[in-house]
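These come from Swiss-Prot:
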type	residues	note
TRANSIT	1-43	transit peptide
SITE	ARG145	site 'Interaction with DNA'
SITE	ARG193	site 'Interaction with DNA'
SITE	TRP241	site 'Interaction with DNA'
DOMAIN	261-593	domain 'Topo IB-type catalytic'
SITE	LYS272	site 'Interaction with DNA'
REGION	317-322	region 'Interaction with DNA'
SITE	THR330	site 'Interaction with DNA'
SITE	LYS361	site 'Interaction with DNA'
SITE	ASN403	site 'Interaction with DNA'
SITE	HIS461	site 'Interaction with DNA'
SITE	LYS479	site 'Interaction with DNA'
ACT_SITE	TYR551	active site, O-(3'-phospho-DNA)-tyrosine intermediate
Amino acid sequence: MLLLWLRALCRRFQHVPCRVPSCQVSRVAKANRAGWEETSKSSVKWRQLEHKGPYFTPAYEPLPDGVHFLYDGKPLKLSLAAEEVATFYGKMLHLECTSKEVFRRNFFSDWRKEMTPEERRLITHLDKCDFTEIHKHFLERAEARRTLPREQKQKLKEEAEKLQQEFGYCVLDGHREKIGNFKTEPPGLFRGRGDHPKMGMLKRRVMPEDVVINCSRDSKIPEPPAGHQWKEVRSDNTVMWLAAWVEHIQNSFKYVILNPSSKPKGEMDWQKYEVARRLKGVVDKIRAQYQADWKSPEMKKRQLAVALYFIDKLALRTGNEKEEGETADTVGCCSLRVEHIRLHAPAGGQEHVVELDFLGKDSIRYKNHVTVEKLVFQNLQHFMEDKDPRDDLFDALTTSSLNKHLQDLMEGLTAKVFRTYNASVTLQEQLRVLTRAEDSVTCKVLAYNRANRAVAVLCNHQRAVPKTFEKSMQTLQKKIETKKAQVAEAQVELQKAETDLRMRGDSKPKSFLQKQRRLLKLEEQLARLCAKATDKEENKQVALGTAKLNYLDPRISIAWCKRFGVPVEKIYNKTQRERFAWAFNQAGEDFEF
């Protein structure tokens, strides 16, 4: 109802047509499609690569003498290593994670490893530790940074820019390209997402001895910091990373890579979406095949077909094979267990309802009630027969066998390609249904966010409700009430002016037209505030950015903006416009994914 009211109200005023900002046109990638296709076929990614290496986090600065760590109510001077880790915890006192038992246990265990023997003898209980002064110190320091004089802020900005110029660019095949993340991640406490079993563990400081440098043989090898050396220097032109190291908590690789707005990254983005577009030509055949395989006498073939159905219709990931206990108990399609699935009896006119409940990537809970095809439901019943809750649902299937099957169906096909294809198709179809040409830009942006939300729900891109949500909604509601009062007042003034005009029989004077314009302006402002409130409420538990950046072909959004007169700035911020600069030239208003 609110959207209908907004549409009716917004028809009274129209907005100027969309234009691609001139500053963005100049940044559009000049490489043509044929050139990209040629480079995509080669395993050689570059011939020259030169850079300065990563920028390392500065050494720890000890706490001032007036800031104390207290144990059992008494000040205790810590060694530098133990004090640094204590500050990590102190900075986070205001966060909910520090109240979680897993976080506290992991932190205390890792903290004790950094203590001296004497400190370990004295500090035996986290409950007796008082980090209040440390927490207060960092709050005050943050506030001091916020209130710095303009001259000092400008000086800090210039220092950051100098650092960016020195470490934030590389030379790739004769071209200066921006680097995305040239700084190593600072040490701290691991938080993870969801209820991660390793939350609270110490993220160690990355040292040059941990880092592998990748550059061309004929380039100048970056100098490590004084007194240090690189773990290794190699020249591998089949990869696009500049430096790499292993993050010890999850034993995963971290990379220094090019900025998303760089030409090579743009080419990779384009290739990703072109592979997903190729799926459009064979997806009907693939679906017909896995539906036929639901009836196969071979258990493995039936499990493969049902798994592929889940990947296609529910955007599930395949699920990486990992050793037990290595990471959180996160699962994907192949690693689903019987305990993650519930088959519901017919109820309320609904049949073949399946409930899935498990921890997905980044420990984000996936919980969904979905109506499936009858044969899928029956196959799931067979897969679950005579199994314990902890047994694999797809016991005849492995991640590697599923991935190989996907490659056999189409070169380059992965679960991510399916997710990209279905996400982009969903956005395109939802925009077609929700967008009306006569609507205002405000209503069109609201429609776009609703289409984006449909994709986020499909991909299970959730987030916790922001802690500031209620407060910000109350503030927004007050603004709406104030604006409604202003609209009502302006309506009364306009009606009074109309009455005066009729009594005098005059033509519309300047004052009347001013009141009329004021009312229209206030109504437009009210419409925008109401749309913003609706948008915030509907998206409070949905993360729209992940799909927009990683799974939605930007040409769909740019074409929609051009077709319906929506400024691209309403959909993509400056950084995102730079990242998708390659798409501006390729997306006419008639582009179809």
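Here the Cβ of each residue, glycine as well, is placed from N, Cα and C on the backbone.
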DSSP-derived structure type at THR330 (site 'Interaction with DNA'), helix or strand or else coil:
coil
Just how many other Cβ atoms lie inside 10 Å of the Cβ on ARG193 (site 'Interaction with DNA')?
16
Number of other Cβ atoms within 10 Å of the Cβ of ASN403 (site 'Interaction with DNA') across all protein chains:
15
Among all chains shown, work out which of the recorded sites ARG145, LYS479 has the most CB atoms within 10 A of its CB.
LYS479
Could you measure between LYS361 (site 'Interaction with DNA') and TYR551 (active site, O-(3'-phospho-DNA)-tyrosine intermediate) for me? Cα positions, answer in whole angstrom.
16
Which of the recorded positions LYS272, ASN403, HIS461, TYR551 has its Cα nearest to the Cα of THR330 (site 'Interaction with DNA')?
HIS461
Out of TRP241, TYR551, which has the highest number of nearby Cβ atoms, where nearby means within 10 Å of its Cβ, if these are the recorded positions?
TYR551
10 Å Cα neighbourhood of ASN403 (site 'Interaction with DNA'): matching recorded positions from ARG145, ARG193, HIS461, LYS479, TYR551:
none
Need one number: mean pLDDT over the domain 'Topo IB-type catalytic' (261-593).
87
Using TRP241 (site 'Interaction with DNA') as the reference point, find which of the recorded positions ARG145, ARG193, LYS272, HIS461, TYR551 has the shortest Cα-to-Cα distance to it.
LYS272
